[in-house]
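Step one of this worksheet: look at the structure below.
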Amino acid sequence: MPSFQMSAALLVLFAMLLGGSNAQLSPTFYGSSCPNVTSIVRGVLERAVQSDVRAGAHIIRAHFHDCMVNGCDGSLLLDDDAANSIDSEKNEVPNQSIDYSVVDDIKTALENSCPGVVSCADILALASQIGVSLAGGPNWQVPLGRRDSRRANRAAVLGAIPSPFDSLAQQQSKFRDAGLDDSTDLVALSGAHTFGRARCGTFSNRIGTDPNLDPTFSNVLAQVCQGGNNALTNLDTSTPDDFDNNYYTNLQNNRGLLQTDQDLFSSAGASTVAIVNSFAGSQTEFFDAFVQSMIKMGNLSPLTGTNGEIRTVCGRIN
């Protein structure tokens with residue numbers, strides 16, 4: 001819709017100001033060095049989604065997990081490398097279930113067209129936007145120009161990335177520590193759980209015990225989890241593969257899958273409750289806030305200028 005695209009452009013500027021954006025990040029950063037970057041990323045991601053509808057959810061989760069640890073520097077993507085003292089962040093539990101293959105496919109396609117130009121950190125940011133839009137979510141201009149870290153920080157992962165077993169206070173603390181707002185940013189970015197899947201091991205403790213879990217839904221989940229802790233179910237059971245605001249109406253109906261999701265609505269007196277209600281009542285309001293929060297998150301401590309490098313392969317330093 002043209003009207004939304006126009007507002008999204010304004011939201012880019014607004015969110016960059018709110019997020020303390022590095023002036024070197026710009027949606028036109030690759031305008032001359034790799035002018036087809038967006039179409040290349042979109043082409044690879046479209047094919048990936050056809051093979052696995054979860055591809056977009058994997059990408060945005062990787063981007064979030066990357067940004068929460070030392071900023072948006074692609075450190076998450078580094079594999080173990082004893083020679084360079086790299087202990088991969090992928091080894092920690094929150095990162096073990098992410099499929100990184102689509103990132104590698106995107107990087108290969110970009111290296112074939114624009115060798116040594118587009119960073120892996122930018123791939124995560126741009127592919128997240130494209131994955132959201134392919135699922136019916138908002139479009140926005142992604143500030144680009146990040147460079148890739150030459151180190152990982154596995155030790156910081158568990159303390160920085162929200163766990164599905166965290167209390168609301170713990171979630172909010174982690175968002176504040178990262179430089180994000182513990183109310184609007186938390187609720188808006190949690191809305192990415194409108195698509196994707198979760199393993200039973202992340203929510204089975206709630207079945208039959210959590211008063212904030214709809215009993216009928218609890219029974220359905222009990223059936224799913226007879227398949228064991230690795231059995232998968234939809235994060236959003238109403239429109240599982242669409243990016244929309246039904247995630248929030250699910251919370252209002254006590255059908256949030258993860259405890260951390262449901263707590264956004266069921267924590268009496270919390271600042272998050274009114275935001276959930278607002279987003280449930282207006283998809284446009286959710287989309288606008290989500291765009292702002294995604295840009296703000298993407299601006300967390302990027303490496304720019306001559307810092308870091310542009311990796312040739314996302315899994316290893318040059």
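From the backbone N, Cα and C atoms, a Cβ is placed for every residue, glycine too.
The Cβ of H65 (active site, proton acceptor) has 22 other Cβ atoms within 10 Å, all protein chains considered. Feature annotation from TrEMBL assigns active site, proton acceptor to H65.
Under the heading Ca(2+) 1 binding site, TrEMBL lists D66, V69, G71, D73, S75, E89.
Here TrEMBL flags P162 as substrate binding site.
Per TrEMBL, Ca(2+) 2 binding site is recorded for T194, D236, T239, D244. Around D244 (Ca(2+) 2 binding site), the same-chain residues six or more apart in sequence whose CB sits under 8 Å from its CB are G136, G137, T194, Q283, listed in sequence order.
Note on C114 (disulfide bond): other Cβ atoms within 10 Å of its Cβ, all shown chains, come to 16. Taken from TrEMBL, the feature disulfide bond applies to C34-C114 (among others).
What TrEMBL lists as disulfide bond is C67-C72 (among others). In sequence order, A178, M297, G298, L300 are the residues near C67 (disulfide bond), counting only same-chain partners six or more apart with C-beta under 8 A.
Long-range C-beta contacts of C120 (disulfide bond), restricted to its own chain and to partners at least six residues apart, with a cutoff below 8 Å, comprise G74, L77, V103, K107, D148, R311, C314. Positions annotated as disulfide bond by TrEMBL: C120-C314 (among others).
Around the Cβ of C200 (disulfide bond), the number of neighbouring Cβ atoms within 10 Å comes to 20. As annotated by TrEMBL, disulfide bond applies to C200-C225 (among others).
For 1-23, the entry in TrEMBL reads signal peptide.
In sequence order, I98, A192, G196 constitute the residues six or more apart from R61 (site 'Transition state stabilizer') in its chain with CB-CB distances below 8 Å. TrEMBL lists R61 with the feature site 'Transition state stabilizer'.
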Could you list the residues of the same chain, at least six apart in sequence, whose Cβ is under 8 A from the Cβ of S75 (Ca(2+) 1 binding site)? D66, V69, E89, S149, R151, A152, N153
How many Å separate the Cα atoms of H65 (active site, proton acceptor) and C34 (disulfide bond)? 26
Please report the distance from the Cα of G71 (Ca(2+) 1 binding site) to the Cα of C200 (disulfide bond), rounded to the nearest angstrom. 29
For the recorded Ca(2+) 1 site formed by D66, V69, G71, D73, S75, E89, name the remaining residues of the chain with Cβ within 8 Å of the site's Cβ center, in chain order. H65, C67, M68, N70, C72, G74, L76, S149, A152, N153
